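Feature annotation from TrEMBL assigns active site, proton donor to Lys162. Here TrEMBL flags His159, Gly168, Thr169 as (S)-2,3,4,5-tetrahydrodipicolinate binding site. TrEMBL lists 180-194 with the feature compositional bias 'Basic and acidic residues'. As annotated by TrEMBL, domain 'Dihydrodipicolinate reductase N-terminal' applies to 7-131. Look at TrEMBL and you will find 134-268 tagged as domain 'Dihydrodipicolinate reductase C-terminal'.
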Amino acid sequence: MTDKKTIRVVVAGPRGRMGSETIRMIAKAEGLDLVAAIDHNHDGERIEDLLGVAGLSGRVYADSDACFSNEEVDVLIDFTNPEAGKQNLQKAIDYGVRPVIGTSGFTNEEVKSYRSQMNDKKLGGIIAPNFAIGAVLVMKFSQMAAKYFPDAEIIELHHDKKKDAPSGTAIKTAELMMKTRESKKQGAPDEKETLPGARGADFDGMRIHSVRLPGLIAHQEVLFGGKGELLTLRHDSMDRASFMTGVYYATKTVMDLDTLVYGLENILD
Ligand SMILES: NC(=O)C1=CN([C@@H]2O[C@H](COP(=O)(O)OP(=O)(O)OC[C@H]3O[C@@H](n4cnc5c(N)ncnc54)[C@H](OP(=O)(O)O)[C@@H]3O)[C@@H](O)[C@H]2O)C=CC1
Ligand SMILES: O=C(O)C1=N[C@H](C(=O)O)C[C@H](O)C1
């Protein structure tokens, strides 16, 4: 890992659930310095005034271009939405800033295209659908299990403010399972939905179900059915602090990468 003393970080989406948690983490973290924040509809304020938290240095920029042209930045951490996340990531690449992207909604094709630009510049970065270690382990275990249990269904459960469905984590889990799972349409060959959507989304014949309820944070269950047996893998994020170990680790690690990594599992030992 880099021996550079302090990593200068910018957070996009600072008023959001994840952005504000990230700022609280950076404020306490060794070796990270919050130099600015990017927040549409806000410009020129101090971060401490924007968030009403004393002791936070740095100013707020309405867009990434202004931020990166005015500040010396090592790492961008983005928790916004797919449109803003893509714009911020592109600006980060243009300015040679290392992206740590938690925002969901990136396709494999988009990841490949950003990676190719970053390879040309030898720029390190990560897009991680989930920064919680337990969630990443469930993805890895699901990849292992799918080889032996091609009949599987994913149920992801989230708070009711979440805008995208299915979750980025569910998609990444399905993509990893696809590497080992024989392609198969599940359920009865002649099954029919009497209520459209009852069987969930179709991913290579495997079903993904999205639950949205107040009280939930971020949860995922992967069910594998075999002859006379059922294997259930489940992870629960009960607090957004669960993502912060991964965000901190990724922010440190991208300083030593020279390509774009997709998924936290690719930088864990
Ligand atoms: N990888 C991971 O481990 C995790 C990823 N996520 C993902 O992170 C993303 C954010 O989630 P969450 O924090 O819950 O969402 P929130 O809606 O709470 O936060 C998003 C924030 O981004 C702001 N925003 C919107 N557009 C811009 C822009 N152009 N520039 C700067 N800020 C902008 C929003 O402001 P306003 O409300 O004014 O529009 C809002 O404050 C989602 O894609 C989610 O799926 C979430 C949890 C964990
Ligand atoms: O919006 C959220 O909350 C989360 N989003 C990510 C996703 O879409 O997978 C990660 C985690 O599930 C929380």
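Quick reminder: no glycine exception, Cβ is built from N, Cα and C everywhere.
The Cβ neighbour count for Thr169 ((S)-2,3,4,5-tetrahydrodipicolinate binding site), using a 10 Å radius and every protein chain shown, is 25. Apart from His159, Gly168, Thr169, the residues listed for (S)-2,3,4,5-tetrahydrodipicolinate, the same chain places the Cβ atoms of Ser104, Pro129, Asn130, Glu156, His158, Lys162, Asp164, Ser167, Ala170, Ala218, Gln220 within 8 Å of the centroid of those Cβ atoms. Residues within less than 8 Å, Cβ to Cβ, of His159 ((S)-2,3,4,5-tetrahydrodipicolinate binding site) and separated from it by at least 6 positions along the same chain comprise Arg212, Leu213, Pro214, Gly215, Leu216, Ile217, Ala218.
Only residues 6 or more beyond the boundaries of the compositional bias 'Basic and acidic residues' (180-194), in the same chain, are considered here, and those with a CB under 8 A from a CB of the stretch are 143-144, 146-147, 150-153, 204-207. Summarised by DSSP class, the composition of the compositional bias 'Basic and acidic residues' (180-194) is 0 helix, 0 strand, 15 coil. Note on the domain 'Dihydrodipicolinate reductase N-terminal' (7-131): DSSP counts are 52 helix, 28 strand, 45 coil.
Sequence-distant neighbours of Gly168 ((S)-2,3,4,5-tetrahydrodipicolinate binding site) (same chain, 6+ residues apart, CB-CB distance under 8 A): Ser104, Gly105, Phe106, Pro129, Asn130.
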